[in-house]
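Trainee: Before I ask anything, here is the structure I am working with.
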């Protein structure tokens with residue numbers, strides 16, 4: 001029961017529709033976003049500041065920027081629709097705003113997949129005090 005409580009608390013600290021984003025990461029990058037990317041570098045996880053530490057952290061920086069450009073819906077709360085066609089994730093639905101959220105999540109999952117080799121354990125649970133440099137613009 002304690003484990004379930006801990007997982008519920010962790011779920012509250014991740015932006016977006018967590019289950020959809022987690023599912024996309026699993027489908028595309030073939031690893032758990034919750035485990036690998038929820039507390040990595042300066043941008044993977046809740047919030048973000050400073051300079052991205054590597055290509056994987058940059059995936060999260062770009063994802064944050066993408067969410068920041070979404071208008072007309074809430075990327076942190078709204079769900080979207082997608083399908084898998086010929087092995088590729090295709091964002092769909094009639095709501096262009098929700099489709100944009102899906103595209104942000106899809107691009108991040110592809111970025112994680114394409115940058116698996118840059119993942120460095122030294123950035124997992126990276127101390128926030130190491131993220132004090134001025135952030136670059138989106």
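Just so you know, glycine gets a Cβ as well, placed from its N, Cα and C.
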Trainee: According to Swiss-Prot, 43, 45, 47 bind Ca(2+); which one of 54, 64 is listed for that same site?
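Mentor: Ca(2+) site check in Swiss-Prot: besides 43, 45, 47, the record includes 64 out of 54, 64.
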Trainee: Do you see any of the recorded positions 60, 63, 65, 66, 91 whose C-alpha is within 10 Å of residue 45 (Ca(2+) binding site), and which ones?
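Mentor: Within 10 Å of residue 45 (Ca(2+) binding site): 60.
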Trainee: Could you state the whole-number distance in Å separating the C-alpha atoms of residue 73 (disulfide bond) and residue 102 (disulfide bond)?
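Mentor: Approximately 12 Å lies between the Cα of residue 73 (disulfide bond) and that of residue 102 (disulfide bond).
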Trainee: Taking every protein chain shown into account, which of the recorded positions 64, 105 has the largest tally of Cβ atoms within 10 Å of its Cβ?
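Mentor: It comes out as 105.
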Trainee: Nearest by CA distance to residue 102 (disulfide bond): which of the recorded positions is it, out of 43, 47, 63, 64?
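Mentor: Closest candidate to residue 102 (disulfide bond), judged by Cα separation, is 63.
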